[in-house]
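Colleague: OK, TrEMBL features for this one:
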type     : residues : note
ACT_SITE : 311      : active site, proton donor
BINDING  : 36       : [4Fe-4S] cluster binding site
BINDING  : 446, 447 : substrate binding site
DOMAIN   : 12-443   : domain 'Nitrogenase/oxidoreductase component 1'
């Protein structure tokens, strides 16, 4: 644990609450002090849903600190069971309430005796895991709980769907463009003749979890959530899963090729005379997956030809920095490098638990790799490298504003801007169009900015003199600021940073016109 005013991944209980509130008719009870119960406000504000967030806080107050929770948690569980009639109640502590070291499992066992709902305690170590790890573990725990419960029934029997089908694992509330990505995945699966068996946890029903093994295979579009569930289902029912993220033209093709392999393998193993099964086998054997990839790449996705256009060729070799969660940062790095020819100076992620996988994915596509959850390290790295653009989280967007470097947001943590009302997926062929637009529009278009400076336009703001580093207190004189404002906007940020760098090296604290000219001569030499 550490005190921070910015965190890329939240505390563990946020991940548990995100999974629980994504399911239908599941209620979460958070054993926490006032101040830890901000999840309800955050979800209601960002997701724009009509229903109330199904989370209740069992407040840890001074009486609890003095005497323990006693019956308070149990009473809250039973009360919500009677009021809401949920299928499942999930109890989770927070880092703060975990300090009390109360036997919450005992509370769950006692409450289960008087509750018609199922009650479970989130099996998460709140001191050792972050939001994503907790979400992944909670989803696997809920799935395992209901499948083990179903297996105890005498009539439990798994029958695969007649037509090819897939489960989509890991789509959940407050995800970065998850709803749009899910819609695009469904579209592509439909094109391939594959039905969607279940989508969990978002909009999923607890009663349908026992049907998960009926699907032919599982899809895990994001490494952060769903992978543990896929591994459990593979181990328990020998269900294959695909963890390739279908983002970018090359990896979408790999994703479809992997689906083709799984479908053909399963149909070859099927020995039956059933007419429906025979029809499915014939469809799979005759479907031209390669032609589908070709058609979608050429006519649905506009990114392939756009990346070869004169507009995008002007971006070739430009330096960028990429930072975000493991999935999005790795995918965007590969897309920028091999599909757009853009030079990635540094690629990084705050998912330290997935550092090895991330390094393996971006190796050869960037100059440097940064694994950290400290935003100040990321900000200093960006200031040092002076890229033409940043592709990161909302924090990197703020860093870019301070350094006058444009930034395209490609990853959680989420902001209201990341819940657009229009259709903006990052996955699939439509996602390639959205990413191409984001990449192109994230760069400062030099001539346009220069013309707007001449004729008057958006580039009339005052020069921001704040810097990321507070080690040296630099100030700009009036004549220095006046001279700096004369420089075209598309290079002004770089001139400012170079001048301040020169001033620090020379021990100068007040930047005048003379210092600017001296800095120019020093960097031109």
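Backbone N, Cα and C define each Cβ position, glycine as well.
In TrEMBL, annotation is done automatically, which means it is predicted and not curated.
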Colleague: Could you check the recorded positions 36, 311 and say which one's CB has the fewest neighbouring CB atoms inside 10 Å?
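Modeller: 311, out of the recorded positions 36, 311, has the fewest neighbouring Cβ atoms within 10 Å.
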Colleague: Whole-number Å distance between the CA of the residue listed as 'active site, proton donor' and the CA of the residue listed as '[4Fe-4S] cluster binding site'?
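Modeller: That separation, Cα to Cα, works out to 48 Å.
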Colleague: Looking only at the domain 'Nitrogenase/oxidoreductase component 1' (12-443), what is the model's average confidence as pLDDT?
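Modeller: Taking every residue of the domain 'Nitrogenase/oxidoreductase component 1' (12-443) together, the mean pLDDT is 91.
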